[in-house]
Amino acid sequence: MLQYGVLICGVVPVRKPRDIEKALEAPVTCLELRLDYLEADLAEVRPLLEHAVARRVVIFTVRRREEGGQWRGDEEGREALYRKLLELNPHYIDVEAESPIIGEVAKIKGKAQLIASRHDFEKTPPLDVLSQWAKKAAAVGDLVKIVTYAKEPGDGLRVLSLIGAVEKPTVAFAMGPAGAYTRVAAAALGSPIMYVSLGEATAPGQLTADAYYAALLALGITPSGGGLPALREALDWVDGGLMYLLKKRLEVCRDMGRLKKDAGLPIYDDVREAQVLRRAGDFKQIFELVVQMCKAVQLVA
């Protein structure tokens, strides 16, 4: 198994206090709390933000609309919000590299690591443009984040080439169906942080945490480190990946049941399920339960 130090970060659009409470129940070690979505007063969510910082690695982000965010105020108001958020001592803050406030935020960030980001939700520019973006972000940020939209798989390769190309740790991947593979490849190439959905996707092609864990495990990638913390995280990955695959199997069983029913064919396939049980080996009891669940799903399809 290959160990990588990638930080799996659940992205949370924070509108109300309950959004933070729910996120803290998720099996992820990092939370990006998107406060550009905030509908409540900051004072109302502040205690929960402090609690989140104490329990998880936390990124505070107030994304402007030009780069896919929901912030409706001016830059002066956004800078003021970042100042208040920095009082909570987050591990990271994310500010767009092209934002006029990034220089001031960099001066007051304290111990927080500044992620200087750049997003293009429409296309993937040529490599020379991407390289310029990365260099400019590296000049002000502790980490670089470059995310574009892939219209074809080759677009994703250009973005991935930024990882390791500048002197700062670089997060780089592509959005959209054609770029979905880059979200997994980036982890293998050394991206320090990767982002997953905890229910509500905030970007095209964003994978759920469970789907992402399944993909990493399929490639033999496991959490880095040793001792109980690493083992607990590894177990979260396995549990999440297993739940994702079981849900997918039930969905396929349901679709098969409907098609067979419409065609007048026997709904339940004993031969196929017997093959599954033979392959299950030591996990036969678990898969017997899965088989029975699939049988029930097909019968009611």
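Cβ from N, Cα, C; glycine included.
Feature annotation from Swiss-Prot assigns region '3-dehydroquinate dehydratase' to 1-221.
Residues or ranges marked as 3-dehydroquinate binding site in Swiss-Prot: GLU32, LEU33, ARG34, ARG63, ARG183, THR202, GLN206. According to DSSP, ARG63 (3-dehydroquinate binding site) sits in a coil region rather than a helix or strand.
Cβ neighbour count for HIS119 (active site, proton donor/acceptor): 21 (other Cβ atoms within 10 Å of its Cβ, all protein chains included). In the three-state DSSP scheme, HIS119 (active site, proton donor/acceptor) falls into the strand class. Here Swiss-Prot flags HIS119 as active site, proton donor/acceptor, drawing on sequence analysis.
For LYS145, the entry in Swiss-Prot reads active site, schiff-base intermediate with substrate. The Cβ of LYS145 (active site, schiff-base intermediate with substrate) has 25 other Cβ atoms within 10 Å, all protein chains considered.
Averaged over the domain 'Chorismate mutase' (222-301), the predicted model has a pLDDT of 77. According to Swiss-Prot, the domain 'Chorismate mutase' annotation covers 222-301.
Using a 10 Å radius centred on the Cβ of GLU32 (3-dehydroquinate binding site) and all shown protein chains, the other Cβ atoms total 27.
With the fewest other C-beta atoms within 10 Å around its C-beta, GLN206 stands out among the binding-site residues THR202, GLN206. LEU33 (3-dehydroquinate binding site) falls within a strand when secondary structure is assigned with DSSP. In the shown protein chains, 23 other C-beta atoms lie within 10 A of the C-beta of ARG63 (3-dehydroquinate binding site). Pairwise Cα distances among GLU32, LEU33, ARG34, ARG63, ARG183, THR202, GLN206, the recorded 3-dehydroquinate-binding residues, top out at 20 Å. Here the Cα atom of ARG63 (3-dehydroquinate binding site) is found 10 Å from that of HIS119 (active site, proton donor/acceptor).
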